[in-house]
Amino acid sequence: MAAGRHGGYRDYEARERELDAEASRRSKEQQHHHHPSGRHQRGDSDPRCEADRRRDGGRSRGGRELSNGYGHRRSPPPRSRLSARLGDREPGEVLSGSASDDSGGRPHRARENGVSSSSRDGESVVAASASSPSKKRKFSPIIWDRDSPKPMHSDVAKGKKAVDSVPTELPLPPPPPLPPQDHIPERLAVEKSPMDVEPAVASESPEQLQEHAESRVMEEEEEYSTMRNISTSRWAGANDDEEEGAPHRKKKSASPADSAELGQRKKALSPELGEVVASDISGGRTMSRSSDSGRLGADENEDLEVDKDDYMDVDRDDDGNSDIANHQSGMDSEYEVRRSETPEPVKPPHRCINMLQGCRSVDEFERLNKINEGTYGVVYRARDKKTGEIVALKKVKMEKEREGFPLTSLREINILLSFHHPSIVDVKEVVVGSSLDSIFMVMEYMEHDLKGVMEAMKQPYSQSEVKCLMLQLLEGVKYLHDNWVLHRDLKTSNLLLNNRGELKICDFGLSRQYGSPLKPYTQLVVTLWYRAPELLLGTKEYSTAIDMWSVGCIMAELLAKEPLFNGKTEFEQLDKIFRTLGTPNEKIWPGYAKLPGVKVNFVKQPYNRLRDKFPAASFSGRPILSEAGFDLLNNLLTYDPEKRLSADAALQHEWFREVPLPKSKDFMPTFPALNELDRRTKRYLKSPDPLEEQRLKELQGNIGNRGLFG
């Protein structure tokens, strides 16, 4: 079949000369044929059969050569030669299809070739073409239709115009391999034998034959378009029509002169009554196909010319010719309708890799003054040049980091950007400086921190003012714990105040998310004065109770205007706690004996002397606290973490509902804002910072995961 597929392309001229000589000889022999109907039957012993096969095979291959897009492009022969050859040709020879040398007994489609061609020749001999079974012509099998696209249907539609053609060799790229034989469309697998078709041909009138031919042309068109898309979409270029699912590579046109009939496309624009819209199975394009058998010659030629020029247009696209724009500007209706009906997939959005591309520059802010500098970074007061808003710029310290961006700052940015609560400081955005080493967090500006305010105050807060501040603190801590976040560094210097009486929790550098069951964490968290006893004793599994201990220490500091436990070391801190609250034991703190730091001998003090520091009534200037207030403070400073009060339970405590009631935020005392110099001169007593302790141990080479008693 390979020889039949491509071999006839190069010896066309020799075959045509031989066929012309045989055509005149056959015209004489036709008159002496013994069959009464005048229709020739192909015999195995007839010396003319081999010439018929060669001529029919050449013509079948020539038809495919005209349209398959794999080989050479052909031009239609002159009309004088066509008319002369039509007179010499038998009426039934057009229907012989592809004459291959390898088969003799398989049936061929009679309606596809015999009926349509004879109806267009208009000869009455075909109407009486019923023959005896003994001398019936044997048709060649449709081997070509299984392996390659259908012959160009323009030959069938034009009738006398394009029965035969002369090959024209053009320098084209070598043909790609054809699809495999086992990939056969379902439409082409159904064939009819001549025994089933020819009796109906003999009894029909020429008008009926014409209608049958028209319907066969439309069926051919459907089969051809489907086969064309299946066989050629596999070889389409990757850069052609990327937006469409499967690019289409069209077949070559018959002649450049066919483009002159583009103006006739308007008749085939809209489908008439009874037309069916068939979808190409490989390209996603819809093509309007007609099932009406009443449309004849001129309309067929117009439709076929549209398809032919459609193929030529895409060939120009594939070949990269420069006249694409001129051709497309002259196109009408059907090709554009087909293109417009194709839903183009939406392109995926362009994804950026630079994570800091959307960050603003720090130059868009005007620095006013330096507020504070601590372990975690430097804080500036600045003004947004666009909006005029006063904000706080916290610069992340990068010079001490050996492994990239600081983990503490990453956690803080991640948590604060995901939280929004009135009692938690709001981080608006992250801005960058001239390099990646200068990164700033833009936060809302708060005039004071609680520690600086208390140092500036001459008198401690009243109980109503303490209740107002404690309610805001507990609401913020409850929000954190409800979202599975441990702050792990609650202290008065991390509580910000403004002149509207609002309190906000800040500095989430040590905070982290936790889960259930608990996982071991480092105990080097929380500033020493506010660190829970279980952390001081070396436990690694802790939960929200460590934050509630810090809340209790803050409450006591608000009432007394000084820290409750101000030890300088872990041992001294535990000693101060035990002297005030009593030495714990297994009875009041289950699991206490298993803690790592219990091996050290502490002072044995069995009494809780917290009430002595916060009496109900005082004549010596000590801070007073009601029974309900003392109960709340005592439950917050419980040794056993399981019995320690939670934030939700603390908010429901009766102390907040007794007289004096919490003061409104609007009536809270205000203070002038302090700059960095004022803060440094006012702070005489500074609590040890856990990160400073850890950095000091790293410098000394004594990095440990255990506490003092490990």
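Cβ from N, Cα, C; glycine included.
Taken from Swiss-Prot, the feature region 'Disordered' applies to 1-350.
Swiss-Prot lists 8-30 (among others) with the feature compositional bias 'Basic and acidic residues'.
Annotation comment: Swiss-Prot describes 31-40 as compositional bias 'Basic residues'.
The compositional bias 'Basic and acidic residues' annotation in Swiss-Prot covers 41-64 (among others).
Annotated compositional bias 'Low complexity' per Swiss-Prot: 124-133, in sequence order.
Summarising the annotation, Swiss-Prot assigns compositional bias 'Basic and acidic residues' to 144-163 (among others).
Marked as compositional bias 'Pro residues' by Swiss-Prot: 170-182.
According to Swiss-Prot, the compositional bias 'Basic and acidic residues' annotation covers 183-195 (among others).
Per Swiss-Prot, the feature compositional bias 'Basic and acidic residues' maps to 209-218 (among others).
Marked as compositional bias 'Acidic residues' by Swiss-Prot: 299-308.
Under the heading compositional bias 'Basic and acidic residues', Swiss-Prot lists 335-344 (among others).
Across the residues of the domain 'Protein kinase' (365-656), the predicted structure has a mean pLDDT of 89. Annotated domain 'Protein kinase' per Swiss-Prot: 365-656, in sequence order, evidence recorded as sequence analysis.
Per Swiss-Prot, the feature ATP binding site maps to Ile371, Asn372, Glu373, Gly374, Thr375, Tyr376, Gly377, Val378, Val379, Lys394. Under the three-state DSSP scheme, Gly377 (ATP binding site) falls in the strand class.
Residues or ranges marked as phosphothreonine in Swiss-Prot (evidence: similarity to another entry): Thr375 (among others).
Marked as phosphotyrosine by Swiss-Prot: Tyr376.
For Ser516 (phosphoserine), other Cβ atoms within 10 Å of its Cβ number 7. For Ser516, the entry in Swiss-Prot reads phosphoserine.
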Glu373 (ATP binding site): tally of other CB atoms within 10 A of its CB: 15
Inter-residue C-alpha distance, Gly377 (ATP binding site) and Thr522 (phosphothreonine) (nearest angstrom): 22
Cβ-Cβ neighbours of Ile371 (ATP binding site) (radius 10 Å): 22
